[in-house]
């Protein structure tokens, strides 16, 4: 496809919304709040914002500049810079394929939960009746209804990665639906994508705002918000907090996949991508903080409910053990009565001491329980939703928002595959409809493996290895190629040609020194962390014990993990 015949975005706003829809995704909702919780609440914002300035903004700016100047996808753009760098663009395409294979599975789960939200009683709110119809299913009763619905009803998960019971029909159909909608969104290139992003980029904010209003009015929400906005400054001395901040910025902006280069290649030559890079980066980070406020309000609600249920169980235990009047102990005086009875009746109290220790009630401990990823999105949120008034309404809103966030990111992921391949003459002869359809069908067929009973274990492997280590390497080579192969001075002239002025000293220092050093540091950290990690392990759902113990990976999985990591 010739550069002169390349389609353009209808307006700069479409491009900005496409970048926002791509960058603002599931990581903002389920990864950033987890890191805040892990590293001292609001104190994590300090390293996060510093890393945004030192790493996120400069690299985001650089990829937009390359795409707009070359007006080609990742393969063509890097080949234009140097024939020896074509493999860099190819690496981005392969990494995007890896991501597409499993990322749309999350959208399939969102569809599954969305469809199940239209019931008089949410299916994850109660345990199903056993086959004898004598009571709740034992597996569900020992765990929780929300865990049972996710692991058994949604995934029908096997007890290990080596056990495969075939494809889950419901999940397979949801995955087909997810890919069908993805195809409709990208079927006509930027002409269809440009229209879709007006909705996928804005509607999630409406839902988040509605959830914010509902969240802060929930019982106990203030406990979660206090936890978030009470910074633990000691965490600033923790190197892992800074490493996690740098990693979160890197992956949240979607660097290295080639999506930003592909999007920018459809811009007008003199489009002001510098301002757009700053705006999109700030929107992305602001969304993470906004989503964290909503999440911590939900955390506070759930933690307070768990804490009060614990106090109630302890109250009943004390009343029954010491034969006290029903109104003798209130919820507020449970802890006080526990100490009093322990001092007054030590021998009698000793009989229940083990139960008291096991069921110790601690609000801070409840808030400290950090959950990320699918556990936060599909278990913790579901647990909170079922306890709200009109749970069906909140469930529909939440999973529809999750679906739009995932679909918005998929637009960028698929564009990162299609755009560079369409730049080849042999591919450009195909119609957009046919070529896009072939890519979607190819990814769908390979992605069906994630809908098997062992699919969630493979999902975890791909999520941990397929698009993490390899991306660090890709972006490190990108910034070195621009700064030291193509040359900063030539890159400055290209930017001047497009914007009418050269980049200031801040951008040049970041590209030439700071960002490469940070990426090298992250690269070394990941290698050391992997080596020191020993035998790779994974969480397995044990149906008999109803737990998630760490299982050692079998040798075949160890080899697969290493292969994916080395890629």
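Backbone N, Cα and C define each Cβ position, glycine as well.
Automatic, uncurated: that is what TrEMBL annotation is.
Taking Cβ-Cβ distances under 8 Å and a sequence separation of 6 or more, the neighbours of residue 405 (Na(+) binding site) in its chain are 24, 25, 26, 28, 29, 204. According to TrEMBL, the feature Na(+) binding site maps to 23, 24, 28, 252, 284, 405, 409.
Panel annotation: around the transmembrane segment (12-32), residues 106, 190, 193-194, 197-198, 200-202, 204, 248, 251-254, 259-260, 263-264, 266-267, 271-272, 276, 279-280, 283-284, 287-289, 291-292, 295, 372-374, 376-377, 402, 405-406, 408-409, 411-413 of the same chain, lying at least six beyond its termini, place a Cβ under 8 Å from a Cβ of the stretch. For 12-32 (among others), the entry in TrEMBL reads transmembrane segment.
Feature annotation from TrEMBL assigns transmembrane segment to 44-62 (among others).
The annotation transmembrane segment is assigned in TrEMBL to 83-105 (among others).
Taken from TrEMBL, the feature transmembrane segment covers 165-186 (among others). Non-local neighbours of the transmembrane segment (165-186) in the same chain are 104-105, 107-109, 111-112, 115, 154-156, 158, 192-193, 196, 407, 410-411, 414-415, 418, 436-437, 440-441, 443-444, 447-448, 450-455; each lies 6+ residues outside the stretch with a CB under 8 Å from one of its CB atoms.
Beyond its flanks by at least six residues, the transmembrane segment (198-222) meets 14, 17-18, 20-21, 24, 287, 290-291, 293-294, 297-298, 300-301, 303-305, 307, 388, 394, 397-398, 400-401, 404-405, 407-408, 411 of its own chain at Cβ-Cβ distances under 8 Å. The transmembrane segment annotation in TrEMBL covers 198-222 (among others).
The transmembrane segment annotation in TrEMBL covers 242-266 (among others).
The transmembrane segment feature in TrEMBL is assigned to 278-299 (among others).
If you look up TrEMBL, you'll see 396-422 (among others) marked as transmembrane segment.
According to TrEMBL, the feature transmembrane segment maps to 434-459 (among others).
Per TrEMBL, transmembrane segment is recorded for 465-488 (among others). Through the fold, the transmembrane segment (465-488) approaches residues 59, 62-63, 66, 78, 81-82, 85, 88, 91-92, 95, 98-99, 102, 250-251, 255-257, 508, 511-512, 515-516, 519-520, 522-523, 526, 530, 561, 564-565, 567 of its own chain, all at least 6 residues removed from its boundaries and within a Cβ separation under 8 Å.
Under the heading transmembrane segment, TrEMBL lists 509-528 (among others).
Taking Cβ pairs closer than 8 Å, the transmembrane segment (83-105) reaches residues 73-77, 171, 175, 178-179, 182, 256-259, 261, 406, 409-410, 413-414, 416-417, 420-421, 443-444, 446-447, 450-451, 455, 458-459, 462-463, 466-467, 470-471, 473-474, 477-478, 481, 485, 567 in its own chain, all 6 or more past its ends.
If you look at the transmembrane segment (242-266), the same-chain residues 6 or more away from its ends with a CB under 8 A from one of its CBs are 6-9, 15, 18-19, 22-23, 25, 27-28, 31-32, 35, 38-39, 44, 47-48, 50-52, 55-56, 59-60, 63-68, 70-74, 77, 89, 92-93, 95-96, 99, 190, 273, 281, 284-285, 288, 409, 412-413, 415-416, 418-420, 467-468, 471-472, 474-475, 478, 518, 521-522, 525. Neighbours of the Na(+) site: apart from 23, 24, 28, 252, 284, 405, 409, residues of the same chain with C-beta atoms within 8 angstroms of the site's C-beta centroid are 20, 22, 25, 26, 27, 254, 287, 288, 408. In this chain, the transmembrane segment (396-422) lies out of contact with the transmembrane segment (44-62); the count of Cβ pairs under 8 Å, excluding pairs fewer than 6 apart in sequence, is fewer than 3. Among the listed stretches 278-299, 434-459, 509-528, the one sharing the most Cβ pairs under 8 Å with the transmembrane segment (396-422) is 434-459.
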